[in-house]
Structures are given as C-alpha cells and as structure tokens.
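A.B. asks: Have a look at this one before I ask anything.
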Amino acid sequence: MAASVPEPRLLLLLLLLLPPLPPVTSASDRPRGANPVNPDKLLVITVATAETEGYRRFLQSAEFFNYTVRTLGLGQEWRGGDVARTVGGGQKVRWLKKEMEKYASQEDMIIMFVDSYDVILASSPTELLKKFVQSGSHLLFSAESFCWPDWGLAEQYPEVGVGKRFLNSGGFIGFAPTIHRIVRQWKYKDDDDDQLFYTQLYLDPGLREKLKLSLDHKSRIFQNLNGALDEVVLKFDQNRVRIRNVAYDTLPVVVHGNGPTKLQLNYLGNYVPNGWTPQGGCGFCNLNRRTLPGGQPPPRVLLAVFVEQPTPFLPRFLQRLLLLDYPPDRISLFLHNNEVYHEPHIADAWPQLQDHFSAVKLVGPEEALSSGEARDMAMDSCRQNPECEFYFSLDADAVLTNPETLRILIEQNRKVIAPMLSRHGKLWSNFWGALSPDEYYARSEDYVELVQRKRVGLWNVPYISQAYVIRGETLRTELPEKEVFSSSDTDPDMAFCRSVRDKGIFLHLSNQHEFGRLLSTSHYDTDHLHPDLWQIFDNPVDWREQYIHENYSRALDGEGLVEQPCPDVYWFPLLTEQMCDELVEEMEHYGQWSGGRHEDSRLAGGYENVPTVDIHMKQVGYEDQWLQLLRTYVGPMTEHLFPGYHTKTRAVMNFVVRYRPDEQPSLRPHHDSSTFTLNVALNHKGVDYEGGGCRFLRYDCRVSSPRKGWALLHPGRLTHYHEGLPTTRGTRYIMVSFVDP
C-alpha cells in the first residue's frame, strides 16, 4: 500500500515543474506594522466522516478558544483504510488537496490541519500563531518518537539534538500556498499512507529548504502522546487547565492522542481546556443537557436487572426498584436470576413487580444462561424495539439510594453514562480511571478524588459496570451486534466496554450527585439460614438499615426515646424486628440448646453458677459480628448514658436465652459477671409468650413488659441484683451480653 507513494526526488521534480506561485514571506520579511499573528488569517481544517463524540469534543475545545473550523468529509464514506491498525489515510490528503484550491493564492492565510476524533485544542489562536511565526517555518509538522510507517527511513532524517526526530502527519500548520503546493502532488489511492507521503517530501533536503519545512521537535505547538506519556502532566490554573511537557518545558497548543493513546487523551480531555477546573468545577456538565418535560410522558426505558451471584440484602434491592422516581408505566422490566438460592426472594417480590411495571420478563437459572448471554439478551430486546429509548442496566449489588438516578442520567443526555458508586468507606467502585496494557484495572491519577467526590463532574473513563444507561438509538445504530458481552473470553463488562470504546463511544461517569453505593459480595456465605446477619463488616451501612432500630440514632442523640424504668436501668431501641426474628431462627435452626445445668463444657471452668437454657454466639459463628455490634452501637450508647465511663466493649459471654414454662421458666436472683449487662427482648410479650420480665430486687423494681428489639442496659455486679420472672405461656427469647467483665 505504502509502496505506491513515489520517491522524494520524483516529488521534488514535480514540484519544480509547477507554475511559480506568489512568494510567501516569513514574519521577519514583512514590512513594519504588519500583524504577523492576526487570528482572522487562521483557518483550522479537519477531517471527520461522522459526528462522533471525539469530533464533538474537538469542536467544543475549538469553540472555547473561538477557532474557525472547516470540516471535510462529513457524511461521506471512509475509504482511507483501518488507520488505527495499519497504514492508510490518503483520503484525507485528497480532500485537503481539493479544499486548498480555494486558498492557493492567499499569501497571509495560515492553515492548520489536524485530526479531530483524537485531538483537543488547549490554547488560543493568538498563542498558536505566535509560536508558528517564531518557528520561522512555512510549514511546520508535528513530531514524534516513531518513524512510522517505514522504519527504514529513520536514517534519512536529520539529526536532532533535543526533541522528537520523526514527522507525524496528524497535525501541521503552514501558509496556505505552501500547503497547497505540497498536497497538489497527491495522485494516489485513498488507502495509501498520508504520513509516508509527507515524510518523503520532508526527507528531501532540497525540498525541505526550498519550502521551509520543519518539525515541531519540542512540542511547542503539537503534542503527540504516543511515546510521550511520561512527558505530559496537567497544569491547573483557576479557570483553565492545559498540559505541560516536562521534558522540554513547553505548553503545547494541540494535544493529539495518536496510536494507542486514545484513553490517555480521554483522561486529559476530562480537564483540558475547561472540563474541570479548581475554581469553576465542571465546565461542560450542562452542555447539551435535556430536561424531561413535566407535562409529557418521559422516554420509554427497559430496566434490565441482573442477579448473577449470591447477593446480600436482595429483597431490599427488589423493593427499591419500586421506589424509582420515574413513571412505572414507562418502564419494562427484564430480570435475570442466575442463583437458585435467590428464587424464593424473587418469587416473593414478583407479584409486586408485575403490578408495578408496564411489562416484565423473568429469566431464571433453569435457562442456564451465562452472565454475558443474559446481558446480550436483555440489551438486544431494547435494540430490537424501536420504542425502547433508553436501556438501564442494573446489577443486584448496586444500591441506588437516590430514587431520581434514572431521571438524572437520562437528562444528562449522553450515549452511555453511569452513576458513580463505591463500597462504603472504600475505594472500590464501578469504574476504572485507566487501563493497564493488558486492559485490566489501573489507577488514574485522579481516581481517589473522583471516588471521594473531591472533584465532581462528568468524566470520560475506560470502564464502567453494575449500573449504566444507554440510548436505545445508540444500540440500534452504533452497537448493532447482538453479542456484545459474550463476544470474548474476558469478563462480560470488560467485553462490553471494549466494544463501546472500539466504536468511538465515550463511557461517561457522573459523580455530580450521591447515587448510592456498591455491596461487597465476596464473603457472602449462603450456608447460613440468614446470611445477611453476617454482613456487619462487609456491608455495614446496609446491615444497619436492615437490623438496627430506626429510632436508635434519635435515642443516641438524646431526643427523649431512652427510658429509665428503674434506677440506672436504661431502656432504648436497638434492633429491628427482622433481626430479632432472624437471631431466634438461627438459634432454633442450630438447635443445640444447653440443658440449663450447672455443668457446662462451653465454659473454661466447665461450671455455670446461674445456668440458663441458651446458645452462645460462638456456637453459631456469630461472636465476632455480635462484638462488632456492641462496639458500634452499644458502646456509644453506654458512654452517653453513663457519663465519664469509657467502655472497651469486651464481652466473653454473649448468648440467646430461651424461657419456657416446661423447660426453664425463670432465673433465680443473681449478679452478672459484668460491668454492665445488655438484655435485648427478641419477641413480643402477649403474642409469643405471657409472663416474663426482670426484677431488680434491691430497688424492688421490675420491667415486666419488654419491647421487642429494645435493650435493657444496667450495671452488672454489686448493685443490680436481679432475677428473671417466670414465663407462664409460650416461649420467650432474650439476647444477653456481659460487657467489660
């Protein structure tokens, strides 16, 4: 392909045979008073066959600095070859050749030709023209470290003391007559190589001197990123960001993500020139934004839910779907469940989901679909339906606490967009800021700031997962292939993101709002009867929402919810009814209740002075989780109720006691081996049992009607001598901890 481009001596001969053009004067030759950097004499010419997001990004940067841009090729078929993988690009020269006929005789006209899909302008026309005139060239090409496409030509390049040695055709600037004189010689195929064409002209010493051709060796104007990523850093001003080349201490005007540096350009484009600034924040978050009108029905959405592994708190996730702030008659639900374990949870919620959404489809584990196949099926159902305007993919480990999430993402008006979600208190999130060479996770310089929302905006990232919205039209026109997730051996989300990136579609991430969080699923053990109980470490926020009483925080804040039925005996809400029920069910499922005898092999000494029928938390593997509950919730309440006392919340004895009239109905008077004791009622008096309660003998005071989920907190040894009152009917359960023994 490249061999059809003629030798440089033949090109020189052809150029010498051309009719003479009006002389082109350099800045130093111009009469005094002439303006060598008049922006009105500058035209930026670029090439684009389609209005991709990269092209729009280029135009946004041009508009920010008030450049005049002329685009060649819009709407036309690209015949220039697969330039991302091999040689080609000659079609650009053919288009430019035709366009330059208009400017052939305009001596003061300066043309800058650049690519568009992978280019960002970083400074003003005035700075650009000033630097060009200072170069003393009539035609200045960008430079890079690689002699592409023919390494055999490297020795013919002039030696360079400092800077990049080789020509890159992705950007050049020059006087119009000079550029016209060069491109006029193009008589080759569209898929011949444009860079080889320009290279062979430049390598002829006579031609180089005659036409004053040169390279931007130190990236004063053009910064090609390929081979130079270590040289480039962001330079933050208050209202503007640009890049700095630290190798040459220059501030390039044009940033070109040539070769395999498209993702790095996307990262830089999040900031340059005004994507995000320290003072102004996000500069284009509201660009092209749409507002869903209140009086009209919003777009139709396919909500695709994926339960691909055992997932904590799934019933709460399913109920949260009903709370989306979006008309349910405009949402169709697709739900793929890959876990037999979760079938009862989905069966319980399915009638509500059926009644709520306009249409529903359930694909269960019996279909034996892989995660990728299920995702392909769901996405294609939107793709094939012209009425499907948006596709909302949501994994079961994504906790959307903001009911307006769907509406917010649609109004952002991007082809693909995800809400930023992360695990509570951790840096694990649903996006990657960069990719490693093998396309796995790499941490971008701004990753922590984005996850912690120290920088808030709209970000172009290489990978998203677990929750995202895609335009239906984008699926139908730009992602028409059915197998997007299952097209390779990689993770389905990685395959999807690669497919989107390869199409030139940006993966946007918004952290402008608090959308929710991610669940950790790696330690979810479904061998337990109620595995959610064990999630206090991995998913503490969701655990609290499910298991800590809704009024606990108010009680801790002193809002009058703590009662004192007896001296120094405090009564406050601690656990939800669900936790009480699940604790009891776990104990009964385990079933190995002690016999209420003094001999007890579970204790170090083998003897219990005041025996009860009980099961220790250690026996069911819940000791660590219960101690964490004591540290997190009981400790702060204790220090609030007993000022001046600091608890270490150590507890060796943590157990559930069962009282029955025919088993052990009561407990004789005793002191507890603790500094203070926690006693939580786990079921309802009058419903589950009759009788019961606790009497403090020294004060002749009793708590005879314990409330389910409420905790009694009282001193243990010395002062609060107490007994368990008889249970006369049913079964009474309490949870007891002897704290700080």
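Backbone N, Cα and C atoms are what each Cβ position is placed from, and that goes for glycine too.
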A.B. asks: Looking at 587-630, 675-718, which one does Swiss-Prot call region 'Important for dimerization'?
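C.D. replies: Per Swiss-Prot, the stretch marked region 'Important for dimerization' is 675-718.
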A.B. asks: Quick check on the annotation: Swiss-Prot has ASP115, ASP118 binding Mn(2+), so which of HIS180, HIS217, HIS256 does it put in that site too?
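C.D. replies: Of the residues offered, the record points to HIS256.
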A.B. asks: ARG602, TYR659, ASN679 show up in Swiss-Prot as binding 2-oxoglutarate; which entry in ARG517, ARG544, ARG729, ARG732 does that record put in the same site?
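C.D. replies: Record check against Swiss-Prot: 2-oxoglutarate site with ARG602, TYR659, ASN679, extra candidate from ARG517, ARG544, ARG729, ARG732 is ARG732.
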A.B. asks: Tell me, from CYS282, CYS382, which cysteine Swiss-Prot puts in a disulphide with CYS285.
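C.D. replies: Among CYS282, CYS382, the cysteine that Swiss-Prot links to CYS285 by a disulfide bond is CYS282.
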A.B. asks: If I go by Swiss-Prot, which of HIS640, HIS646, HIS722 binds Fe cation at the same site as HIS670, ASP672?
C.D. replies: HIS722
A.B. asks: In Swiss-Prot's disulfide listing, CYS382 is paired with one of CYS388, CYS497. Which one?
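C.D. replies: Looking through CYS388, CYS497, the record in Swiss-Prot gives CYS388 as the partner of CYS382.
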A.B. asks: Can you grab the distance from ASP115 (Mn(2+) binding site) over to THR261 (UDP binding site)? Cα atoms, rounded to a whole Å.
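C.D. replies: Per the Cα atoms, ASP115 (Mn(2+) binding site) and THR261 (UDP binding site) stand 14 Å apart.
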A.B. asks: Please state whether DSSP places THR49 (UDP binding site) in a helix, a strand or coil.
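C.D. replies: Assignment for THR49 (UDP binding site) reads coil.
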A.B. asks: Would you identify which of the recorded positions VAL47, CYS282, CYS285, CYS388, CYS701 has the most other C-beta atoms lying within 10 angstroms of its C-beta?
C.D. replies: VAL47
A.B. asks: Can you list, in sequence order, the residues of the same chain other than HIS670, ASP672, HIS722 whose CB lies within 8 Å of the CB centroid of the Fe cation site?
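C.D. replies: Other same-chain residues near the Fe cation site: VAL610, LEU667, PRO669, HIS671, THR677, GLY716, HIS720, TYR721, GLU723.
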A.B. asks: Any idea what DSSP makes of CYS388 (disulfide bond), helix, strand or coil?
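C.D. replies: The three-state answer is coil.
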A.B. asks: According to DSSP, does CYS382 (disulfide bond) fall in a helix, a strand, or coil?
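C.D. replies: Its secondary structure by DSSP: helix.
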A.B. asks: So if I draw a 10 Å sphere around the Cβ of ARG732 (2-oxoglutarate binding site), how many other Cβ atoms end up inside it?
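C.D. replies: Result for ARG732 (2-oxoglutarate binding site): 28 other Cβ atoms within 10 Å.
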